[in-house]
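Per TrEMBL, the features are as follows:
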type	residues	note
TRANSMEM	16-34	transmembrane segment
TRANSMEM	122-144	transmembrane segment
TRANSMEM	150-168	transmembrane segment
TRANSMEM	180-206	transmembrane segment
TRANSMEM	305-322	transmembrane segment
TRANSMEM	334-351	transmembrane segment
TRANSMEM	398-415	transmembrane segment
TRANSMEM	507-530	transmembrane segment
Amino acid sequence: MCNAYRYFLKPAHQEQLVLLAALLLRLLVGLWPYSGAGHPPKYGDYEAQRHWMEVAIHLPPSEWYSESEFMNSSYWPLDYPPLSGYQSFIHGKWLQAFEPEAVALLHSHGYETASSKLLMRLTVLVSDLLIFFPASLACVRILYGQEPSSSRVFALAATLLNPAALIIDHGHFQYNCISLGLTTAAAAAIIGQAHVVGSVLFCLALSHKQMALYYAPAFFAHLLGKCLQKPTAAGKVGGVLKLGATVVLTFAVAWYPWTSNSPQAVVQVIRRIFPLRRGLYEDYVANFWCATSVAIKWKQLINDAAMAPLCAGITLAAAMPSMAHQIWAPSPKGLLLAMANSGFAFFMFSYQVHEKSVLLPLLPVTLLAGYLPSACLWFVPVSMVSMYPLLARDGLSLPYAALLLLWCGSVWPLASEVGCELRGSLGLGSFSVGEADRKLGGGSMQQQQQQTKGVGKRGFERGRAQGLSGQSQTIGMVGSMCGLVGLHLAQATLQPPSHLPWLYDRAFITASFAGLAAIACCLQVAQWLVCRPSSKQSATERAVRDKMQ
């Protein structure tokens, strides 16, 4: 397929091919079952979204988070922030226009028809096309504006053809494309120096789905670092105040039906979207708490009231290194790596984590695929396997396997075309003297050789060390893939013992946790080595870095 790209298409057309393939895959996955299909009494996430549409179009916003006969904790209460309620209102009106029975108040619970399924699937598809697609395009074009076309196409393909995000939204049935799209747009705006616009967009992402909080440390640290780079004290303070006012105003407007009411109304919404009663985690999640619960019964050892602040403290501690990096030396790639590392900190250690939360650290890694191809190629399959118990229960085993095979067959070969995969397979590179000459440009050959002499030497020495890191990652990736394939084969051919029916589910999340933990460690190293703080670089190295960005 990679050869077909080169032979039949110009680079400018490759993005269009990726967009068409992404659209086609979404349509095909939508033909399969959704969460809870035909399983009363509560069905699943599909019914939850339909119920929220039902309530949103019949009740005023001030009653969306109140206990009543129409919206209560016994049947899919709205537990996402207000922007999800507004989205449900818009989609509910669409559904009502074509099939009013699908959103009839109190009389549509468990409503399932072929036509309503089509209408619901279209709401996800249109949301994806209007928000996530343009945001991804904008981000990769800003990030790879000076890079070879192959890097940009590979990053776009990795983001839009990401099977994990695709099967959760268009198979399982959710609207992660909206919050992830707003977050991607926020990152693109901030990389493009539109900090106020980026702050507004990220606040909107937080107001759509509270899981966007996983990225908050990264955005906070990066923007604070940018403010601290201003030359005067007044500029530093003014920058912080301006962004702070932007955040407060955005939330005040987005939450207006509640902020204009009373503080108790806002507290009521917050309690609904952060429910401690659900416990440390649900089902099987490939994070630290669930994976280690075989040996340590965390839920029995520590009660929920004590566990929540403990998780918060550990999560913040895990996110601190990447935050410190961005406060010290904010950079475009550093922001995305901080988003990945912060997302991993929350996924691994925070309270009340879902299987689908793995999409959050995964998103920035796909956007960085042109710089860190091996990390992306490793992360995507492991994230898919970590959700396999959930997807199998939804009847999505076949599209799960098909999407993974398509990913390996179409996206993996593109990695060989990425010119920025330098001497370490993690994407940590070195420059030869000649490469530095071309990047710096200008001046006589003798001046350029004098300028880049140090760069070439340092780059070569760093390249040897980083090559070892790349070899370790390659070994880890191959080992993970072989182990996960073997696990699937064992599940398909061997029955678990009758007294251990959960054996394979536990094995999948434990193996996935090991792979995800290794990837998280690699990304922490990548943030500090790919985006080295300027104070640790020579003037010539900084010039090379600036030319590359």
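We number each residue from 1, going along the chain as drawn.
Every residue gets a Cβ built from N, Cα and C, even glycine.
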Folded-back contacts onto the transmembrane segment (305-322), same chain, C-beta under 8 angstroms, at least six residues removed: 217-218, 221, 276, 280, 289, 298-299, 337-338, 341-342, 344-346, 348-351, 524, 527-528
Selected stretch (most C-beta pairs under 8 A with the transmembrane segment (398-415)) from 16-34, 122-144, 180-206, 334-351, 507-530: 16-34
For the transmembrane segment (334-351), sequence-distant contacts whose Cβ falls under 8 Å of one of its Cβ atoms, 6 or more beyond its ends: 143, 183, 187, 190-191, 213-219, 221-222, 276, 280, 287-289, 307-308, 311-312, 314-316, 318-319, 321-323, 325-326, 357-358, 360-365, 367-368, 516-517, 519-520, 523-524, 526-527, 530-531
